[in-house]
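Here's the structure we're looking at; comments come further down.
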Amino acid sequence: LELTIGLISLVFILLQVANETLHTDSPDLPVCFQLSVLSWLPCVYLWLACLPYLFYLQRNNKGYIMMSMLNRVKTVFGLVLWIVCWADLFGTFHELQQGKTQAPIYFVTPLVVGMTMLLATFLIQFERLKGVQSSGVLFIFWFLSVLCAIVPFRSKIILAKSEIGITDKLRFTTFYFYFALIGAELILCCFNEKPPLFSDVDTDPNPCPQTTAGFLSTVTFWWFTRMAIKGYKNPLEAKDLWSLNKRDSSEQVVPKLLREWEVEQAKAHSAEDQSTQALYSKPLPAGEGNHVGGESSPEEVEVLLSKKKGPKKASFLRSLIKAFGPYFLIGSGFKLLQDLITFVNPQLLSLLILFTKQKEAPTWWGYALAFLMFFTAFLQTLILHQHFQYCFVTGMRLRTAIIGAIYRKSLVITNAAKRTSTVGEIVNLMSVDAQRFMDLTTFLNMLWSAPLQIMLALYFLWQNLGPSVLAGVAVMILLIPFNAAIAMKTRAYQVEQMQYKDARIKLMNEILNGIKVLKLYAWENSFKNKVLEIRQKELNVLRKTAYLGALSTMAWTSAPFLVALTTFAVYVTVDKNNILDAEKAFVSLSLFNILRFPLNMLPQVISSIVQASVSLKRIQDFLSHDELDLELVDRTNTATDCSVTVVNGKFTWARQDPPALHNINLMVPQGSLLAVVGHVGCGKSSLISALLGEMEKQEGDISIRGSVAYVPQQAWIQNAILRDNILFGKAYNEPKYRSCLEACALTPDLEVLPGGDMTEIGEKGINLSGGQRQRVSLARALYNEADVYLLDDPLSAVDAHVAKHIFDQVIGPEGVLKGKTRILVTHGISFLPQVDNIVVMVEGRVSEMGSYQELLKQNGAFAEFLRNYSLEDIIEEDGATEEEDFPDDALSNHTDMVDNEPVVNEAKRQISIISGDLENPRGRSVRKRLCSERKHVEPDPEKKLPKVEKLILAETAETGRVKAKVFWEYAKAVGPLLSLFIAFLYGCQNAAAIGANIWLSQWTNDAVGNGTKVDVSTRVGVYAALGLAQGVLLLANCLLSKAYSMLRAARLMHLHLLQGVLRAPQGFFESTPTGRVLNRFGKDVDTIDSHIPDNIDIWMRTFWYTVNVLIICSALTPPFILVVVPLMVFYWWVQRFYVATSRQLKRLESVSRSPIYSHFSETLTGSSVIRAYGRHNAFVLLNDMKVDENQKSYYPGIVSNRWLGVRIEFIGNCIVLFAALFAVIGKAHLNPGLVGLSVSYALLVTMSLNWMVRMTSDLESNIVAVERVKEYSETKTEAPWEVEEKKPSPDWPSHGNVEFSDYSVRYREGLELVLKNLTLSVKGGEKIGIVGRTGAGKSSMTLCLFRLLEAAGGEITIDGVNISEIGLHDLRSKLTIIPQEPVLFSGSLRMNLDPFEKYSDGEVWKALELSHLNKFVSNQPAKLELECSEGGENLSVGQRQLVCLARALLRKTRILILDEATAAIDLETDDLIQSTIRTQFEDCTVFTIAHRLNTIMDYTRVLVLDKGKIAEFDTPTNLLSKKGIFYGMAKDAGLTQ
């Protein structure tokens, strides 16, 4: 009863308060209310917050802070406040003694406030001890206190001014003291304390300011401003980034997750064990004892087990939730608050409209409402961004933790598990799946928040408009499947577009790889048309996508309008008494706008969750794989004097596989050398793996004494400098290091490498030859001094003499390792006599064991093995391994420049010449010659090195602002007038939207006028018409811009790019890596196709939207313009800072991301080596470092978005504030409809401002693609393809006379001449052989005839026509070449022979017959339409060469150039080609670049080139008798004695 009385009296008081307050022009609150509610509010807050806060501080101790001046002042002020409050209390007691009785509130309030001030003072000190630099809790407390004290502050002044004057002097004074002190405390609270003692801030060179930021700074992300300014001044670099916060770093995040995951796994295992025990402990029922074997068969137990095991699996999700859930929940809490606050503004709007209706209402209402709107909007901004911050940070930690967990797991999974997940799949787990989780966390709260928002919005709408709302909602719901259908179709089109894009890129790749052949044959146009054909299909798909996109955009943009239209139409037609007034209309509009977002988001969130659940399952499966048993190998055994013992070993690779090794018994005495031999696949490597503990042990024991070093069969090389590969984490010790290099014969190799032992080795050791890799691997083992060395066939990859050197210096009885225990798997029989013991393996078991002599006597498997191998081995000793390895080794110095094809080919050519020139049947001498020749080859590439480095120019990355020029380029491609027209259309569409809303505001004013309905149908009709006009304009615009003009721009840009690249001279392709050109054709063209149009579209829409809001607000209340200008300046300023910084952060993030994945795939391949050397932890640390490095640039990226959001939304909130304020000021001449219009528009502006900045930023990073494409479409072109006025006659050259007069040529500007002043003349029909050593300029001569190289002096004339004056296609189509490497393109065989389809099928078959291909082709089912795969992979090399011959036969020109293939071709094909040429090209002029002299011995004349000059030029017989260079070459080839 008392309670109800209390409540009733409270309500009564409040009503009285309301009456006193609301309807006066100078409102005031009664003293009682001031003393009770206002004074207690902050106190209640602080006491409620106090306990959880103290608990939190107790848990998170950061170390104490020294007493500072600031702290002392705060504390003193706190105590003074307590004294002031109690002065009041004692004053009251004093009055009691005087006989004045006061109301009890005068005792209670001072007491409560005083106690609270003591609590605050205590908190100030407690925070200092716990290391809090700036307190949010206290800040809010002081802020509330000041807020609540403003009312009494004002009312006391009013009282003092009034006639009554001040009666209560004491309380009047104490109150102003109190007010001044809490004001001071609030200000002091904004300043930061010094960081606590011994914190990381002192030690870290570049700490993240967030840790030391104050409460206000944290809430508004002010601490980020420093980086924004730095990024604006000059582009950010990696060194400018802050260190990662400790709590986000791998060392804290990953163990947290792993702990939870281990708990989960332990639970799952214990559940499993219990179920298993239960099964096995059941007694057998009677009568089943006479079962075969007397017990239930194991299969049955298995079946039972699998049924039981099903439900309990370790849940990765649960461990994620336990590890990161609590932190994420804080974010969810913020989200909940924000959702609730969202709905305050529509309510305030309705109050504001009501206020404008009541002309007699006091103005301060309006101001209060305006400021309340601003305040709630601002609060919403702050809370929303805190929520995002928590979500993103959780996402970031999730990614770190998942990558860390996967990496750690991948180092210890068994081989069986490795088979189920390939390297690519595991890398995907890290990159794609971890990323999905990261993306999901940002949306995850929408799962509950979207339905909540929808329900709240519907509830308020229902209150507003009643059941008519359902009509609008129905429209919204109908739009969802419509959009879903469009999305499905769009996805299908995207897949199709990707297929065309892939096809186009594949074709471009072939064109770039075979560009030289295309130029020589003058086939560019045919291939250009093929590319454009695919491109046209691609554009057609893009056009369809654009149509769909336009529909979907229209649906989303018109959705709020359609919903409003149906709702209002239904509302006014349902019931005659329903009047649509401003309040109803505009409040509903703003609620519908709130509804749009969750409805839009839900489908996205759901698809995101589906994807993440798939990822979750994949990650969970991977993390549940079996791990290697680290206790498998007993390292502690010291009983015997053997360092390696295996007793009754039985090993398998996977539990379900049959054992790979059985009954293995091994005793290896300390310090002995054991060789393991046997046929291929008999289990030698498996034995080594078993000793390393990599296999599953089924029976037996293994023990190894001491540490292990391991050299795998395939060397594993890290992507690091050579020295680090050898040191492998050990400290550098110069003499020891040098001796290791010496022993492993690496010293000569270091001299060849460009940076010595500081050379960066590429991934998988790409720039080392196989032999070098193996020796580095050996040097690593040698440097890591171990007790037991397991060497898995380290000598197979190196040359024989090197193998001998290594055996003698390192492994053998006299080597560096004598005295260590060595187990050597080998195929080299020559070393066996020198080893202590030999184990012979046969089919996974040890067949014999003993010393070399003993085994020979036994005459068992080993003796037979020797007999089989000895013959081959004697040959092998002579250096057989050289031959395969040699090209590899000679090339090793080139591979830093894999991009520059010509050089590598040059080197390959030199090698192939050496191996090809010697047509000597005796293999032995060939090999010896190889070894001696090798010395001549090495220096040659050396000399080329310096030039090569300048060959490839670094790709320029754009930094800083994008030039306006680029935008102009794009506008030009779209069409300048069209661009203007499109912009104009966007404007029109928005004008229609404004029109519709102005009409709505007029409509709502009807109600005010006379309370009856004006003609409803016209109102609804015009409203609908305006809205539809907006939709139609939007559709038209989308179609015009996206489906027509921007696609036209894309088409033109690609066309120019393609033409530019195909017209580029040969030099361009030599100095530009293919990958770089393909990137322009792939990524950049794709950006122009699909990203830029979207960006521009959204940008235009948001831009016009913002302009509209400003226009409406300014038109209704002109003073608004004064405010707009400074706001826009601020906006522009923030946006510039943000764009500059975030663009660079994005770049840094993507640069630092790839090392994570490359390091990871490297680790996976070398995990056994890493484990063998015990470097497991070091690699885990390395991975953590790389992940942290990446997150270091990702984190500021997130914060930059929050920073921007708070700033931009602040501008939006200011616009709301001023729109409302000016509406209040101009209340007299504004009708409620217009007020509703301007304020509801302003409420939406924040969103569009935010989008505009994002889009500007995206557009700026994407428009660069236009620049990059343009750069290549303007490359320097070669001479024109056709020169009209100099066109030679159709039958030219009729004779085939070729004259060089004083001709010189160089490869590129600034290089020396390759051919110097050649003068010679060749009569039509002569056969000329061209010979000379490597680099004499033989190939250059052919390139000159085709003008792939332009003359540096002199001229070439063919039948009296100077070839430099005619068009390139005219020249090249009249010459024929059979090139050295036969290049085929993917397509039909027919296309490869005759791309322009000039010849009839009969002629093509004739050519095939003459080139001996007709049998092969006619046996194919497709005949001439036989598909050649990329590069002609499905034909043999010989057949490809014959196809090139068939091309030549089809063209049948007067001049034929034969660049003779070297080692690629077999002798048979060679003879075929030679005989065909002799018969078919009898009357033509033939130039042959010969490597095999016997092909040109019967030619008319032979031209011998030396160093670019003519050395000899005469008939072969004359040259032989002269005993000059030619004679020497012939003698080498064994053609003369």
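Cβ coordinates are placed from backbone N, Cα and C, and glycine is handled just like the others.
The signal peptide annotation in TrEMBL covers 1-18.
What TrEMBL lists as transmembrane segment is 35-56 (among others). Long-range contacts of the transmembrane segment (35-56) within its own chain (CB-CB distance under 8 A, at least 6 residues past either end) are made by residues 29, 105-106, 109, 112-113, 115-116, 119-120, 123, 126, 137, 140-141, 144-145, 148-149, 151-152.
Here TrEMBL flags 76-93 (among others) as transmembrane segment. Residues 102, 106-107, 109-111, 113-114, 117-118, 120-121, 124, 170-171, 174, 177-178, 181-182, 184-185, 188 of the same chain lie 6+ residues outside the transmembrane segment (76-93) yet bring a C-beta within less than 8 angstroms of a C-beta in it.
Look at TrEMBL and you will find 105-124 (among others) tagged as transmembrane segment. Long-range contacts of the transmembrane segment (105-124) within its own chain (CB-CB distance under 8 A, at least 6 residues past either end) are made by residues 32, 35-36, 39-40, 42-43, 46-47, 50, 53, 71, 74-75, 78-79, 81-82, 85-86, 88-89, 92, 135, 137-138, 141, 185.
As annotated by TrEMBL, transmembrane segment applies to 136-155 (among others). Sequence-distant neighbours of the transmembrane segment (136-155) (same chain, 6+ residues past either end, Cβ-Cβ under 8 Å): 28-29, 31, 34, 38-39, 41-42, 45-46, 49, 53, 120, 123-124, 127, 175-176, 178-179, 182-183, 185-186, 189-190, 215-216, 218-219.
Here TrEMBL flags 329-611 (among others) as domain 'ABC transmembrane type-1'.
Residues annotated as transmembrane segment in TrEMBL: 364-384 (among others).
Residues or ranges marked as transmembrane segment in TrEMBL: 443-462 (among others). Long-range contacts of the transmembrane segment (443-462) within the same chain: residues 328, 331-332, 335-336, 339-340, 342-343, 346-347, 387, 391, 469, 472-473, 587-588, 591-592, 594-595, 597-599, 601-602, 604-605, 608-609, each at least 6 residues beyond the stretch ends and with a Cβ under 8 Å from a Cβ of the stretch.
Positions annotated as transmembrane segment by TrEMBL: 468-488 (among others). Sequence-distant contacts of the transmembrane segment (468-488), counting only residues of its own chain at least 6 positions beyond either end whose CB sits under 8 Å from a CB of the stretch, comprise 458, 461-462, 548, 551-552, 555-556, 559, 562-564, 566-571, 574, 578, 592, 595, 599, 603.
Taken from TrEMBL, the feature transmembrane segment applies to 545-574 (among others).
For 644-868 (among others), the entry in TrEMBL reads domain 'ABC transporter'.
Long-range Cβ contacts of the transmembrane segment (977-1000) within its own chain (Cβ-Cβ under 8 Å, at least 6 residues beyond either end) map to 561, 564, 568, 585, 589, 971, 1019, 1022-1023, 1026-1027, 1029-1030, 1033-1034, 1036-1037, 1040-1041, 1045, 1100-1101, 1103-1105, 1107-1108, 1111-1112, 1233, 1237, 1241. Taken from TrEMBL, the feature transmembrane segment covers 977-1000 (among others).
According to TrEMBL, the feature domain 'ABC transmembrane type-1' maps to 980-1261 (among others).
According to TrEMBL, the feature transmembrane segment maps to 1020-1040 (among others).
The transmembrane segment annotation in TrEMBL covers 1210-1228 (among others).
Taken from TrEMBL, the feature transmembrane segment covers 1234-1253 (among others).
Tertiary proximity for the transmembrane segment (545-574) is limited to same-chain residues at least six positions away from its ends with a CB under 8 Å from its CB atoms, namely 465-466, 468-469, 471-476, 479, 482-483, 486-487, 489-490, 493-494, 497, 580, 584-585, 588-589, 592-593, 595-596, 600, 993, 996, 1000, 1013, 1016, 1019-1020, 1023-1024, 1027, 1030-1031, 1034-1035, 1038-1039, 1042-1043, 1047, 1090, 1093-1094, 1097, 1101.
Below 8 angstroms of C-beta separation, residues 546-547, 549-551, 553-554, 557-558, 561-562, 565, 568-569, 572-573, 978, 981-982, 985-986, 988-989, 992-993, 995-996, 999-1000, 1003, 1097 of the same chain, each at least six residues beyond the ends of the transmembrane segment (1020-1040), sit close to that stretch. Taken as a whole, the domain 'ABC transporter' (644-868) shows an average pLDDT of 85 in this prediction.
A Cβ distance under 8 Å defines the sequence-distant neighbours of the transmembrane segment (1234-1253), meaning residues of its chain 6+ beyond its ends; these are 345, 349, 352-353, 356, 373, 377, 381, 582-583, 585-587, 589-590, 593, 997-998, 1000-1001, 1004, 1098-1099, 1102-1103, 1105-1106, 1108-1109, 1112-1113, 1116-1117, 1131, 1134-1135, 1138-1139, 1204-1205, 1208-1209, 1211-1213, 1215-1216, 1219-1220, 1223, 1227.
Below 8 angstroms of C-beta separation, residues 352, 355-356, 359, 363, 366-367, 369-371, 373-374, 377-378, 381, 1109-1110, 1113, 1116-1117, 1119-1120, 1123-1124, 1127, 1130-1131, 1134, 1235, 1238-1239, 1241-1243, 1245-1247, 1249-1250 of the same chain, each at least six residues beyond the ends of the transmembrane segment (1210-1228), sit close to that stretch.
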